[in-house]
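Undergrad: According to TrEMBL, the protein carries these features:
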type	residues	note
COMPBIAS	588-604	compositional bias 'Pro residues'
DOMAIN	114-387	domain 'NADH:quinone oxidoreductase/Mrp antiporter transmembrane'
DOMAIN	709-763	domain 'Peptidoglycan binding-like'
TRANSMEM	64-84	transmembrane segment
TRANSMEM	96-112	transmembrane segment
TRANSMEM	118-136	transmembrane segment
TRANSMEM	221-239	transmembrane segment
TRANSMEM	245-266	transmembrane segment
TRANSMEM	278-300	transmembrane segment
TRANSMEM	306-327	transmembrane segment
TRANSMEM	339-357	transmembrane segment
TRANSMEM	377-401	transmembrane segment
TRANSMEM	422-442	transmembrane segment
TRANSMEM	448-471	transmembrane segment
TRANSMEM	541-565	transmembrane segment
Amino acid sequence: MTWLLPLVAALPLLAAAFATHRLAWWTPAAAAAPALVAALLVPIGESHDLPWLLLGARFGLDEIGRIFLIFTSILWIAAGIHAVASMRGTPHVGRFNTFFLLAMAGNLWLIVGQDLVSFYAGFALMGLSSYGLVIHEGDRSALRAGKVYLVLTLGAELALFAALVMIASTTGSITPTPKDLVELDDLAIALLVLGLAVKAGLVPLHVWLPLAHPAAPIPASAVLSGAMIKVALLGWLRFLPVGEVALPGWGLLFVFAGLATALYAAPIGILQSNPKVLLAYSSVGKMGLMAVTLGLMLIAPEIAPVAAIGLALYAGHHALTKGGLFLGVGLRKSAGLQGVVFGGLVLLALSMAAVPLSSGAVAKYGIKPVLVDSDWAWLQVAVAATTVATAWMMVRFVWSLKRVHVADRSGGGSASPAIPRVTWALLGWVPLIGLVILYPLVLGSPTAWLTDVGLIALAGLLAIPVAVLALRRPAALATLVDSIKPGDLLELVRPLLMSARWTLRWSIRGYRNASAPMTARLRERLSELARRPPSDLDRRLTAWPLAGGLWLSIMTLLIVLSLVVPTQRPSLPRVDHDDTTPIMAPTTPSPVSPDAPSIAPAPLPGVRDSDLTVQPTTPPTEQSDALDPTAEPGATALDAPSRSLESNEFDVATAESPALEPDPPEPVCDPNEPYIFRHAASDREVALVRCVAVDGTPQRLEAPPLSNALVLLIQTHLDALGFAPGPADGILGPRTRDAIRRFQTDRGLEPTGAITFDLLDRLLEPD
């Protein structure tokens, strides 16, 4: 069933090509259905490779990926049904459907894509296509929100691209394992955190969320807040060494950034009157809580296996609940069935507040041990404060629904659909409510149902005085409502940005006015020179003052360069002559005839004359014994002195001669002998050069030159050994590199993925 995985992204892409056709109005509702089928049927751990796609795409599912694919596909289906019902017949619906399907394809692609390139391609496709959803209405607020969103998105994609390139360079693979990610340096982690923090909406990079959600149509807001921002969490879980090594510094950064985000977004969200803006700030706060959980996993990697599943389930709860809230707001703005819609919104708000017996309580129970069981008391207090703040935000949300029904019934977002279309939209919204109701019954337990019951009760008690004050004296709180505009920090720096913009504009205008006379004179001078005939120019260049000046300038420059630039003389090897005495090699004595007169030899150094005198007292028998037994019969004892002298000469020459050099070592290899790499089953072989002569000395090469024939034989060996190098095409692609690394690891070698003679020797070894 792995063939379903490529269809997860392929079908929405194919549908986007025909989205503008009038007969393709139904495609947004059905394009995500294969993703849900694949999430339910494809086994965990299996993959489907497409070597021809990009750099070699791999599609697969792990436990975390399956959870993300399930809730993401469900939310896209529900939002697609709502889009078909509410957007059909409105202006530019074909354009909306195109961007909607492209964003869907990117979102689903990065979930099932197991390689770095697929993740980035899906991330970029989703991010850029969402820009078309944000500016769909085309009014001033939508265009401003789109500008802010696009600037932050492009910066995030640039940082993410650099991070993924560094990950591939460090690990040597586009499909790194968690163990490979241990070697990541701080720069790669920083770029990864920064690139995904924009999508997650962490403070201060959250400013696009409160602007984009109210500007986009209802279905787009649902998937933006419910599904798309969760890809940041998936990217961190997938490309950080979670569970492999402790990263206390980066873990603390996530903890503090997450707490700052959660505690900052809550009070600003409570002050908003627009339900979509309030829900946007609620999403920012929830992503902050998820960032805190991830930071604790980086600090204590031993809790990562269990905490990662709990975090994924919490993300799924938030996606379904928040998507249902956004879709319900769209239905609240429509006519008919207001009682049903209001009841469903209240139920979803209670779930988001994590009241007992709700899906929020069960989802919070999955990550509560990570948040509460730490040794930091301040962290427990901060997490409790976020729980109370979330409950207050949901109370404020339900309060604002009444104003939406009265004042915004005909405004905002998309056009109000007719009653039959509302019925169709309910078909996508009601199942979400059903899943939220079933969530605690299927995945919960009695203990999980009562999670944070005391904090919820405290939040309710503290909210009663505020509610009474709002009912009795609404003017007392009216000044606080919308006192902070959506975009908060952006609104604070907006005057500074406008001042800088006007300052730059007036500076440029002043510079142009001041330089206008000089520019005009320069233009006239250049025009005058251009109008002169060429002969005048030639005459000026050949005139002696100009030519002489140029000649003197060139000579001066050469002299200065010769004085400034140091010259490097070639250094000769130094030879130390400690002993000036010439070394004479011993010569072989020339033969002397018997009739030649005897010549007394010159005295030798270190040899006494007494050593050369024949001792007459030596008995004849001893003299005869001293003679060489191989001597001729005519030889007498008188020949002994001469032989003694010759022996002394030999001994002295031997003593004074230098020591003989040792025999040269045996050659390490033979340059004339080729290295044969073969595969017995296929009867193919390649002759390689392993030994070369360098300055007359044979030396072994570490790696052979690559060729298609060599790579093909290596792929054949790896495939026979069960390491799955991909298609045997003689191309050294990512899958072949991964297979080489797995083989090197299996044989106890360093998994470099390089093709060396050592690798070839191991491949030729019998199993």
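Each residue's number is its place along the chain shown, starting with 1.
Cβ coordinates come from backbone N, Cα and C, glycine included.
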Undergrad: Tell me if the transmembrane segment (278-300) touches the transmembrane segment (422-442). I count contact as 3 or more CB pairs below 8 A, with pairs 6 or more residues apart.
TA: no
Undergrad: By DSSP, how many residues in the domain 'Peptidoglycan binding-like' (709-763) are helix, how many strand, and how many coil?
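TA: The domain 'Peptidoglycan binding-like' (709-763) comes out at 32 helix, 0 strand, 23 coil.
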Undergrad: So what's near the transmembrane segment (64-84) in sequence-distant terms, Cβ-Cβ under 8 Å and 6+ beyond its ends?
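TA: Sequence-remote neighbours of the transmembrane segment (64-84) are 8, 25-26, 28-33, 35-36, 38-40, 44, 96-97, 100, 104, 107-108, 111-112, 217-220, 222-223, 226-227, 230, 234, 237-238, 308-309, 312-313, 315-316, 319-320, 323-324, 327, 330, 424-425, 427-429, 431-432, 435.
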Undergrad: So which residues does the transmembrane segment (96-112) touch in its own chain, when a touch means Cβ under 8 Å and the partner is 6 or more beyond its ends?
TA: 5, 8-10, 12-13, 15-16, 19-20, 24-25, 27-28, 31-32, 35, 38, 59-61, 65, 68-69, 72-73, 76, 80, 83, 87, 90, 118-127, 129-133, 136, 217, 219-220, 223, 227-228, 231, 234-235
Undergrad: Within the domain 'Peptidoglycan binding-like' (709-763) only, compute the mean pLDDT.
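TA: Its mean pLDDT is 87.
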